[in-house]
Amino acid sequence: MTDIQNKNYIIALDQGTTSSRAIIFDRDANVVCTAQREFTQHYPQAGWVEHDPMEIFATQSAVMVEALAQAGLHHDQVAAIGITNQRETTVVWDKVTGRPIYNAIVWQCRRSTEIQICQQLKRDGHEQYINDTTGLVTDPYFSGTKLKWILDNVEGSRERARNGELLFGTIDSWLIWKFTGGKTHVTDYTNASRTMLFNIHTLEWDAKMLEILDVPREMLPEVKSSSEIYGRTKVASPSAAIAGDQQAALFGQMCVRGGQAKNTYGTGCFLLMNTGDKAVKSKHGMLTTIACGPRGEVAYALEGAVFNGGSTVQWLRDELKIIADATDTEYFAGKVKDSNGVYLVPAFTGLGAPYWDPYARGALFGLTRGVRVDHIIRAALESIAYQTRDVLDAMQQDSGERLKALRVDGGAVANNFLMQFQADILGTQVERPQMRETTALGAAYLAGLACGFWGSLEELRGKAVIEREFEPQLDEAAKEKLYAGWQKAVSRTRDWEPHEGAE
């Protein structure tokens with residue numbers, strides 16, 4: 001680290017749900033170069049989603065090489081590497097061969113047997129303990145039940161795990177293990193807090209949760225802070241940051257004080273509100289999770305996950321084929337003065353926070369002969385904003401904090417109609433940053449702080465620039481009337497699908 005002054009770049013590896021990316025930042029936190037590769041989505045059965053871990057590693061390695069080549073840089077000019085990743089996605093691999101024993105089970109995966117696992121946990125009376133200890137709800141979303149499914153269904157795997165032959169990790173653990181040639185098996189607190197196996201109060205793997213899910217302790221990674229040197233990669237640059245994608249975005253937005261919140265608009269929407277050093281227990285369906293403090297140490301956050309955000313627009317394009325491109329939605333939504341009473345509830349894979357209803361299903365309400373395609377497109381965009389309000393209202397009730405402004409990031413924030421409607425339905429200012437790569441930026445910031453590339457949080461705050469502020473324009477009565485219609489529509493979609501095992 002003595003020659004840090006001669007190294008002028010940080011690489012953020014952003015391993016997402018549909019693609020692997022590498023983003024190179026300079027000392028001013030500007031993007032120098034970006035490389036991206038998509039990888040295959042596997043759907044072996046309805047509701048099942050899997051990735052090939054070897055393809056994830058191959059694409060992530062390739063984009064790092066591509067980004068350096070495009071920028072004309074050599075790896076010895078890189079001070080450190082930061083990793084941010086899709087969370088909850090679960091990998092189990094052979095410690096000797098480095099080969100996965102099964103595909104990665106993705107965070108979106110709702111396989112019916114996994115729902116049965118969750119139902120059994122509830123029947124056995126574990127739901128309250130899970131919430132108190134891990135901050136999570138008993139839902140197939142999290143890693144613990146995915147790991148249990150692998151150990152239950154891959155022959156001999158549980159015994160091999162007990163013998164120390166198999167390792168478990170979320171995507172960050174898998175990548176660092178591969179990048180360090182099998183020398184480092186670690187995760188960070190943010191990713192560990194998404195497994196349903198981790199006690200967020202003692203900051204240790206929880207013995208009772210391991211017993212409940214029958215997970216051998218021997219296969220779990222060591223848990224460390226989000227900002228420290230974990231080991232040298234094969235290209236010699238140190239791996240110096242790990243953060244789950246949403247916690248990385250929260251840090252990249254400089255939401256490091258209690259009461260600050262951000263929403264990332266991606267495939268789903270993910271709202272996090274920093275609650276400082278207090279783990280706020282939710283009474284309204286939020287998750288209590290671990291975030292990054294000012295120097296990557298443990299802080300706490302409330303989180304609400306909306307399962308279908310950008311995927312709703314993809315549905316308009318790919319299944320309904322009423323738009324050619326996602327960017328078309330802003331034009332069509334702006335052609336009509338309102339949605340003409342139409343509400344679209346995109347519960348394609350159930351409802352996330354604050355409802356946590358895996359049996360809800362999507363529906364269109366309020367259709368009349370006067371409804372046009374424009375109204376449906378507008379209703380689709382509005383559904384993203386309504387779901388955001390569902391979550392934010394619950395967060396504010398739990399935390400006792402009244403949000404002054406919502407910071408936003410993700411692909412959909414380029415849609416000015418959506419951002420304005422978001423401000424309108426919240427009655428709160430929405431702040432769109434000039435730097436859109438906030439997830440990667442958060443990983444870069446954490447890596448830079450760990451290796452001395454950047455000296456302080458104050459230095460980083462000076463690099464944050466708001467590109468546009470959206471002020472609420474709807475009056476209170478109009479806002480609440482629209483939202484009441486949304487709540488009515490949501491209530492009609494609840495508990496639609498038959499429960500597993502029900503007659």
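Cβ from N, Cα, C; glycine included.
According to Swiss-Prot, the residue from Thr84, Thr264, Thr267, Thr368 that belongs to the ATP site alongside Thr17, Thr18, Ser19, Gly310, Gln314, Gly411 is Thr267. Between the candidates Tyr43, Tyr129, Tyr141, Tyr265, Swiss-Prot assigns the glycerol site shared with Arg87, Glu88, Asp245, Gln246 to Tyr141.
The glycerol-binding residues named in the record, Arg87, Glu88, Tyr141, Asp245, Gln246, extend over a maximum Cα to Cα distance of 15 Å. Around Glu88 (sn-glycerol 3-phosphate binding site), the same-chain residues six or more apart in sequence whose CB sits under 8 Å from its CB are Trp107, Tyr141, Phe142, Ser143, Lys146, Thr170, Arg194, Thr195, listed in sequence order.
Taking the Cα atom of each, Gly411 (ADP binding site) and Ser19 (ATP binding site) are about 14 angstrom apart. Shown are the binding-site residues Ser19, Thr267, Gln314; the one with the most C-beta atoms within 10 angstroms of its own C-beta is Thr267.
Considering only the binding-site residues Arg87, Asp245, Thr267, Gly310, Thr18 (ATP binding site) has Thr267 as its nearest partner by CA-CA distance. The shortest Cα-Cα distance from Gln246 (glycerol binding site) to any of the binding-site residues (Thr17, Ser19, Arg87, Gly310) is found for Arg87.
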